[in-house]
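The following features are taken from TrEMBL:
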type     : residues : note
TRANSMEM : 15-34    : transmembrane segment
TRANSMEM : 41-61    : transmembrane segment
TRANSMEM : 81-100   : transmembrane segment
TRANSMEM : 139-160  : transmembrane segment
TRANSMEM : 166-188  : transmembrane segment
REGION   : 251-294  : region 'Disordered'
COMPBIAS : 254-267  : compositional bias 'Low complexity'
COMPBIAS : 279-293  : compositional bias 'Pro residues'
TRANSMEM : 358-377  : transmembrane segment
TRANSMEM : 397-417  : transmembrane segment
TRANSMEM : 473-492  : transmembrane segment
Amino acid sequence: MSVNPVRGLLDSLSALFYISSIFGVIPYSLLAFAKRTVIQLSLVGNLWVVGSLVVYTGLYHVATINYTKDDWGSQKTLTNAIGIFIIYMEPFMMAVDMVAGMINQKRLAQCFDWLARLDNQLAGEGVLINNGLMRRYSIVLLLLMLLFEAIITVYSFVAFEEEFNAWSLIWFITTIPTALNSVCRIWYVMLVSAIRQRFNAMNAHMNAIAHGILHYKDQYAGEPDADIAEIPLDYLEKEIFTVYTQRRKQLSGATPPKKTNANPTTKVITVKPYQPKQPASPPLKPSVTPPPHHNSAIQPWPAADVGYGPAQEFLPTDRRLRPHIEQRLDNKLILFCRTHDELCEIGKVVNRMYSVQMLVAMAHGFVAITAEFYFLYCSLTQQEVPILFRTAEVFLLGLAYIVYTALKCIVPIFVCWRTKTDSQRTGIELHYLANAVDEVHCYEVVNHLSLKLLNHQLNFSACGFFDLDMTTLYAITGAITSYLIILIQFNLAAIQKSNSNSTIASNVSTTAMAVVEGVVTTALTTYVSN
């Protein structure tokens with residue numbers, strides 16, 4: 001059965017594409033995608049995005065005014081300012097996402113074309129991408145978004161709406177900006193996950209070749225190498241010792257030259273550049289290709305089930321013959337090195353497209369979670385909660401809002417961090433394969449390609465202010481905790497000051513009454529005596 005990785009990649013995000021196009025998140029042609037499964041620029045799509053942005057923002061403002069009613073002036077000025085900032089930051093994030101989608105629409109289409117071309121190259125080398133994983137991930141994230149939005153919106157409407165009529169249903173409009181923000185985060189997560197999946201596919205393929213070669217050598221029935229078989233060596237020592245030993249054999253067995261030169265020449269091993277294959281038909285999945293989900297470098301490759309895996313093409317059929325890989329593995333390694341470089345470039349393009357959105361999302365998440373935690377504390381201590389944070393009056397509702405906001409920050413950070421670490425693991429798998437081959441030529445090629453991999457640095461950041469990795473998540477968690485403690489301390493100080501003022505006022509009133517009573521008593525006594 002033929003596999004078309006290009007169509008599979010777009011098909012995997014079809015549900016996400018339809019939802020984004022209908023609600024005006026992305027400005028592409030919905031008709032072209034439905035007919036040919038392609039991303040096509042559309043003027044109508046851009047106008048639809050602009051119109052949706054204006055309508056959503058206006059309806060959100062009307063719904064917010066209807067929700068707060070006349071309670072704006074009953075709260076403190078600072079609390080109102082913070083509430084307005086957090087409430088209206090949601091449509092602001094929606095506007096940033098939709099405008100950025102129109103600005104970066106060509107870049108996004110280029111990223112999909114770039115990934116499709118890389119999938120074709122990897123398929124030509126027997127590395128097939130399971131795009132069904134992307135479909136499942138996107139559907140799970142969309143369902144989680146719908147679940148949280150339904151819980152927060154419906155619960156708030158039932159708990160806090162006083163009059164149930166047709167006009168009160170406008171409250172459900174407030175869920176549109178937060179839902180569209182979540183959809184944009186899902187796009188970002190899916191693109192980064194697609195890059196990570198291709199890193200893992202290359203790493204798993206090299207790991208499978210290495211395990212296949214090692215399994216063949218374990219079953220080797222020929223004469224062992226007496227020079228190094230009995231010497232226990234680590235990886236680096238083995239590489240150096242193997243190169244030194246084989247070159248010493250070449251020098252000892254070579255005949256002395258007839259003429260001596262003042263400048264001795266050294267043997268140069270040339271590496272042919274990679275020339276992509278041009279298959280006449282879509283590539284077929286080899287029968288020995290392992291399942292795509294097996295990508296762990298810790299567990300050995302199940303050679304008993306699939307023979308030697310993808311290493312079969314480099315091994316002799318007779319187990320009495322010692323395997324000699326030599327230059328047959330060069331094209332595959334060079335392709336993987338180039339693919340790694342291109343994937344890093346795609347990651348940089350994705351980072352440039354979404355860096356501003358991630359900066360705004362992280363800022364909103366920090367402020368919203370801190371404020372919700374603080375007013376949740378106020379609610380638990382029977383203190384007044386502002387009208388704009390009435391979700392904190394219900395513990396489960398406030399907790400759901402905190403978890404939902406935190407997930408929109410944690411999931412992108414986690415995916416970016418794992419993609420970065422998986423890109424760095426390619427060099428480790430490359431050297432592990434060279435250690436399994438254990439030939440001078442392979443060591444030299446791998447060392448040469450390793451220098452190139454060192455320059456393929458992939459990093460995701462929010463406009464350069466901070467990296468999207470676990471250290472940032474730790475820093476944000478610590479900042480939320482610190483600011484929450486400070487706010488609670490200020491709150492306790494304000495309560496103590498209020499209590500002390502009440503006590504002083506009560507004492508002053510009692511003293512004044514006593515003085516008045518004393519004066520009246522003295523006056524009456526004087527009057528009676530006279």
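Keep in mind that glycine also has a Cβ here, set from the backbone N, Cα and C atoms.
Remark: the transmembrane segment (473-492) makes no contact with the transmembrane segment (166-188), by the rule of 3 or more CB pairs under 8 A.
Only residues 6 or more beyond the boundaries of the transmembrane segment (166-188), in the same chain, are considered here, and those with a CB under 8 A from a CB of the stretch are 16, 19-20, 23, 25-26, 56, 59-60, 62-64, 66-67, 90-91, 93-94, 97-98, 101, 138, 141-142, 145, 149, 152-153, 156-157, 350, 354, 357-358, 361, 408, 411-412. When each of 15-34, 81-100, 139-160 is checked for Cβ pairs under 8 Å to the transmembrane segment (358-377), 81-100 comes out on top. For the transmembrane segment (15-34), same-chain residues at least 6 beyond its ends with a Cβ under 8 Å from one of its own Cβ atoms are 40-42, 44-46, 48-49, 51-53, 56, 97-98, 101-102, 105, 108-109, 135, 138-139, 142, 176, 179-180, 183-184, 186-187, 190.
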